[in-house]
């Protein structure tokens, strides 16, 4: 029997032909698995960051050096292992939502994922604008808010101590503020009124030549007694400028590179947000076709 249909009166009608084949899907496999792959990599990174943070935190607890005082926000910021745990949990959770949302085509998880990325993007752009538009304000803020607390806590946490030593050695600086090496007078071990042998001194990481070339050994006493010397005399043994100013100058010298990296990260985030919203729209179209 013919599939042709006729109205009364003999008018010819075309047979009904479906616009799309039965197996057609609005959901693009390319978009779906691109989101999954990107987030899977970040999920692994978040898990690694979390594992390292937990290991470092437990290691300090086992050594009896766990820094668990959480009276203020600074107690969290200066506890590097705890910062790594928090960052790892955030990256792990958000990327897992992106992975699962893409793989299972779950619009609720994709909405949550894209909103988190948008929030991160806004926070990053706000911080970048403040740093580039108001650099002197940021300098003053960092000096006022962090100098005393970081210097005072130098020996309270081994991770913080290692981080400060690393920064002072890499940037050839000593202390944080414009006072430079004199900042260390605020530490109870390096203060000139301290009964410690380190009184009137600075950490070895401030020294210009802390490591003996022939033996390879670090002279931890190289900074002893320099606080009572003038800047000219002290500069023969140690770096005298504060790290905040040195880092600011370094950023200005490498401004185009830093701006390029920041722009690349921002564009990548926007691209992933676009992919997530595209996939979300495709899933909604597919659901409306089924309904």
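Glycine is no exception: its Cβ is also placed from the backbone N, Cα and C atoms.
A TrEMBL annotation is a machine prediction, not a hand-curated record.
Small disclaimer: the values here were computed from a predicted structure and weren't measured.
Of the listed segments 77-103, 158-184, TrEMBL assigns transmembrane segment to 77-103.
Among the ranges 8-32, 33-57, the stretch that TrEMBL annotates as transmembrane segment is 33-57. The stretch in closest packing with the transmembrane segment (115-138), judged by the count of Cβ pairs under 8 Å and taken from 33-57, 77-103, 255-276, is 255-276. Note on the disulfide-bonded residues 174, 192: the fewest other CB atoms within 10 A surround the CB of 192.
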